[in-house]
Amino acid sequence: MASVRFTVTPTKAEDLPGLSDTSPDLSSRSGARVRFGSRESVNRSDPLSEASGGLTTSATAGGGGTDTPDHSNAEQGDGNSKISSVYINNSHGVDDDDFYDRNLALFEEEMDTRPKVSSLLNRLANYTNLTQGAKEHEEAESIGEKKKTSKSPQMGTFMGVYLPCLQNIFGVILFLRLTWVVGNAGVLQALCIVFICCCCTMLTAISMSAIATNGVVPAGGSYFMISRSLGPEFGGAVGLCFYLGTTFAGAMYILGAIEILLMYIAPKAAIFESKNPDGEGAAMLNNMRVYGSICLLLMSLLVFVGVKYVNKLASIFLACVIVSIVSIYIGALVSAFKPPNFPVCMLGNRTINGHEIYDSQCGKTFLLQIQEPVERDDANVTVFYVENSTVGPTFEPTRAPAQVEKATSLWKQFCDGLELNASCDEFFKANNFSQIEGIPGLASGIISENVWSSYLSKGDVVEKGSLSSSHGLHPASTHQPYVFADITTSFTLLVGIFFPSVTGIMAGSNRSGDLKDAQRSIPIGTILAILTTSIVYLSSVVLFGACIDGVVLRDKFGDSVKGNLVVGTLAWPTPWVIVIGSFFSTCGAGLQSLTGAPRLLQAIAKDNIIPFLRVFGHGKANGEPTWALLLTALIAELGILIASLDLVAPILTMFFLMCYLFVNLACALQTLLRTPNWRPRFSYYHWTLSFLGMTICLALMFISSWYYAIVAMVIAGMIYKYIEYHGAEKEWGDGIRGLSLSAARYALLRLEEGPPHTKNWRPQLLVLLKLDEDAHVKSPRLLTFASQLKAGKGLTIVGTVVSGNFLQSYGEALAAEQTLKHLMDKERVKGFCQCIVAQKPREGISHMIQSSGLGGMKPNTVVMGWPHAWRQSEDPQAWKTFINTVRVTTAAHLALLVPKNISLFPSNSEPCTEGYIDVWWIVHDGGMLMLLPFLLRQHKVWRKCGMRIFTVAQMEDNSIQMKKDLATFLYHLRIEAEVEVVEMHDSDISAYTYERTLMMEQRSQMLRQMRLSKSDREKEAQLVKDRNSMLRLTSIGSDDDDDTDGGERDRAASGGGGGGGGSSEHHRRVQMTWTKEKTSQYRATHSGCSTPEGFRDMLSIRPDHSNVRRMHTAVKLNEVIVNKSHEARLVLLNMPGPPKNPDGDENYMEFLEVLTEGLERVLLVRGGGSEVITIYS
């Protein structure tokens, strides 16, 4: 083999003018010069591709030739540039490109379906991150559309993942509710709440990182990951739950912003006000609804106008969040040296509402001191405040002015009047006012009081446990100026309210399409963001407990500190930093939710797995989801109408927890199933961590609100079932399919351990259907009957046999399989199709019966149709195949069901009117006759039918005792049926029976003679054809004769029973070598059938005694059955077995015909030899 030397000379990009895919002159460009040094060099031009920019390769022979940039002339250049045409026929003008794969010539015919590895790698190398959620979307949308060149993603870990996650995780709960959570739960339980929630998100982030790094994740976020890991059903259900959670999160952020606006920025902007303290809560909710709806409208318009404005504002909002959090830490450190002055007024141990102290005096009375008592000018009045003044007036000894004791504004609210002797509240009389510092500071040791929980019921007064009070059991009135708890708090409630503050961990994965290296950035950025926020939350809990007094912490709206935001009282340098910062950050989070939720809904709609959501997949020309935004705004309005932040938070907690639960489930499933495609780059995961995260998610759902959890699960379940029944079929290689495979394998191996118990026996059907020349099913009602028998349960295999050679008939087999599948869908039969190609139908059926099923899931019952008009058919193939199938099922120990007159059976849309299903139990073959009517009556078609069981008593039987025993047996079987014993008396064989038998045998003999004469004619033609050659004939006659006589040949070879001589002679006849003499001799001895004497001999035969007896039984049974069951909706009957001697096959068909004459619908039943029904539990 000649050696080849490659020399590659790269060319700079600037040396290639006009390098673009749109340039018309591709052949004039030279990208790299490759020289082949060998005795024979081949001029080869690579196929042009978009990825290579149209670079071509030129070759020179021996290194001494000149470059030939134009390859249009194939003969140009070296004379050896082309392989000699002596060896390759190039008469059709085939280009050199057709021969560059001469090393892969074996595979050239399959290049369409099995591309070369090089071209496959070329396509993979040109992969770019898709802007839409799934590759399937892009493929569907790119048809007929011009592809646009997309910018290469440039965002890194910090800007693309870390900061978006921070912005989405930090939110309204940190500023509005975390102090309240600490005050109620105490530092220890608050740390526990924060730690559990952060563990949940951390474990979910680990699972999400594993999924996100298992291949390229287009921009679809959690929905894309779950749907591609768990399948369209789970993906759609969880995707919609995540959508609802994001939408309600937008409502929660808007409510938080409005709460900050109306409580702390502009309290006078309230539209609704109530003078009655009991109505203040309702008025506040109405204000929230009005302003929240206006804010939602403005935000929706901003999102509709353009997302680019939202993205520009995002950095400003994030800066507000960071500045606010930094101010809290600085304020906490400053409070250790110089605590801020926020006094809190206390009556005993009860907290007084700062809004109700109109004169800024925390006391019962105060003194009016008059400078000049004679003139009593108001201008010269000096007020000396004496705290809790209940003693006599005090005087300055030098001036001796006049002093008057006056009641404070608080006195008016506890007493009936302003007089000092007015009747007052008992608790007011027994306790004094005092002032405490609301922010004692970091060095005060107040954390010792805030360590333990202090849960309150709705209407309870916020109290300080370390202060003493008398008459502590005296109830407080809502008309008094205390700080009251607005809702009943508990550990579980606080979990549900706090959890939304740790959501938002999906922000990085949602931007995976914009990341430079998503598989590296998503795990690092997300986990760092969760660690950062967890540290902030945990340290904030400790700082709040160490710096702020417990009564202020439990004061949700800051009433005790005159309406200041509680977390703002700790901030440095002023509370307005927190108020303004939290307001803008909350608005920004709301805008992000209203931006993300419609896109998530659009991705779900474009996947086309939920039909009624298709309209939301459309949007503006630039792809903005207009309709999805409209629906999102309407759903968010429902959350705003709830108007309470504390009621909306648990709702979105449920939806987010369910989403996180399924992310963990997806990772655990993929890990445990060891799917070959499961190869995440992120290796710090384990299935135990995923299961722990899943368990925590499930526990948090029921801890926070068990009824919300049930509602969320019901919603997800309904969506799942809807997609399962009405959604589009998608095959995404998801983990649930893998789980199904593992479960099926495990179950099949378990079933293989032993035969099924009688109690577990159920008909596993193999339905044999016949197709006509146009590939249409001849008896579709057979499948209808199978569906009624199964009532949609158990295994059903629908099979057919296509005659021919598998290599030539493979396409017909596929078409037949599709026909069966369509029919199964139409009849709603759940099962499998099997199509076998065989030279002869009987062989195909035999193979199918032997090979159908897998392990313990093999069919135990064969359903086949009755061969119609078998008497009139010249071709005996149909009924011989039928009898052969009966023999095969018997040999395989399978049950057999043969519906006769199947076209008269009811369809699934034709329920039977009231009537009876009659069972004629003649012989016991496992109890199939008892079980089948019970199964049929489970279906709506046969439900109204009653059941009657007939059995036959002979002369020696006690019919009365038989009836009792049968009734007892049915009672123990728990089957309701009428019982009747039919007595069949011994009677002489009637002339009708004799004549019927005689006619049957004469007909059989005549048909046999006719087939023999036909066979002789075919043999003569064969002799003429082969007269000049001596051939050993392996087959004489038609396929029908071969089928007819095959059993006889087998028995002749084994020396079987009566008639063996004739069979042996025929066997020798088939195997002999024919000569003229032997032909003449054979024709002389076998030509009697064509003479009149032969027919006279046939007419003079006498019927066989055994045939007469069988005919007698058939006639008598038919008389009894027709007499009793002529009006029955269905008659079930034991099917007699075929004769052991195949010579009587035609007689067997006649017996079955006589047995079922005069009956409209008959089901012939043949048991498989095992018990299928039992009286034991």
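Counting starts with 1 at the first residue shown.
Note: Cβ is positioned from N, Cα and C throughout, glycine not excepted.
Per TrEMBL, the feature region 'Disordered' maps to 1-86 (among others).
The compositional bias 'Polar residues' annotation in TrEMBL covers 1-10 (among others).
Per TrEMBL, the feature compositional bias 'Polar residues' maps to 20-30 (among others).
According to TrEMBL, the feature compositional bias 'Low complexity' maps to 49-60.
As annotated by TrEMBL, compositional bias 'Polar residues' applies to 74-86 (among others).
Here TrEMBL flags 133-152 (among others) as region 'Disordered'.
The feature compositional bias 'Basic and acidic residues' is assigned by TrEMBL to 134-147 (among others).
Here TrEMBL flags 156-176 (among others) as transmembrane segment.
The domain 'Amino acid permease/ SLC12A' feature in TrEMBL is assigned to 161-338 (among others).
Residues or ranges marked as transmembrane segment in TrEMBL: 188-213 (among others).
Annotation source TrEMBL lists transmembrane segment at 234-266 (among others).
Nonlocal intrachain contacts for the transmembrane segment (290-309), taken as residues 6+ away from its ends with a CB within less than 8 angstroms of a stretch CB, comprise 250-251, 254-255, 257-258, 261-262, 269, 271-272, 587, 590-591, 594-595, 598, 624, 626, 629, 633, 636-637, 640, 643. TrEMBL lists 290-309 (among others) with the feature transmembrane segment.
Annotated transmembrane segment per TrEMBL: 316-337 (among others), in sequence order.
Marked as transmembrane segment by TrEMBL: 482-506 (among others).
Per TrEMBL, domain 'Amino acid permease/ SLC12A' is recorded for 488-766 (among others).
TrEMBL lists 527-553 (among others) with the feature transmembrane segment.
The DSSP breakdown of the domain 'SLC12A transporter C-terminal' (1107-1177), given as helix, strand and coil counts, is 33 helix, 10 strand, 28 coil. When Cβ-Cβ distances under 8 Å to the transmembrane segment (234-266) are tallied for each of 156-176, 573-591, 684-701, the top count falls to 573-591. Averaged across the domain 'SLC12A transporter C-terminal' (913-1020), pLDDT in this predicted model comes to 78. Between the transmembrane segment (573-591) and the transmembrane segment (188-213) there are fewer than 3 Cβ pairs closer than 8 Å, counting only pairs 6 or more residues apart in sequence, which means the two stretches are not in contact. Looking at 188-213, 316-337, 482-506, 651-672, the range that has the most CB pairs within less than 8 A of the transmembrane segment (527-553) turns out to be 188-213. Counting only same-chain residues 6+ beyond the ends of the transmembrane segment (651-672), those with a CB under 8 A from a CB of the stretch are 200-201, 203-204, 206-208, 210-211, 214, 222, 225-226, 229-230, 234, 238, 241-242, 244-246, 248-249, 252, 496-497, 499-500, 503, 506, 639, 678, 685-687, 690-691, 693-694, 697-698, 700-701, 704-705, 708-709, 711-713, 716, 735-736, 738-739. The transmembrane segment (316-337) makes no contact with the transmembrane segment (684-701): fewer than 3 of their CB pairs lie within 8 A, with pairs spaced 6 or more apart in sequence.
Within the chain, the transmembrane segment (684-701) has long-range Cβ neighbours (under 8 A, six or more residues past its boundaries) at 196-197, 199-200, 203-204, 206-207, 209-210, 495, 499, 653-654, 657-658, 660-661, 664-665, 667-668, 671-672, 708-709, 712.
Counting Cβ pairs closer than 8 Å and at least 6 residues apart in sequence, the domain 'SLC12A transporter C-terminal' (1107-1177) and the domain 'Amino acid permease/ SLC12A' (161-338) reach fewer than three and form no contact. Between the transmembrane segment (156-176) and the listed ranges 188-213, 482-506, 627-645, the one holding the most Cβ pairs under 8 Å is 482-506.
Mapped onto DSSP classes, the domain 'SLC12A transporter C-terminal' (780-897) shows 58 helix, 24 strand, 36 coil. Long-range contacts of the transmembrane segment (188-213) within the same chain: residues 181-182, 222, 225, 229, 451-453, 491, 494-495, 498-499, 501-503, 505-506, 509, 512, 518-519, 522-523, 526-527, 530-531, 533-534, 537-538, 541-542, 545, 657, 660, 663-664, 666-668, 670-671, 680-682, 684-685, 689-690, 692-693, 696-697, 700, each at least 6 residues beyond the stretch ends and with a Cβ under 8 Å from a Cβ of the stretch.
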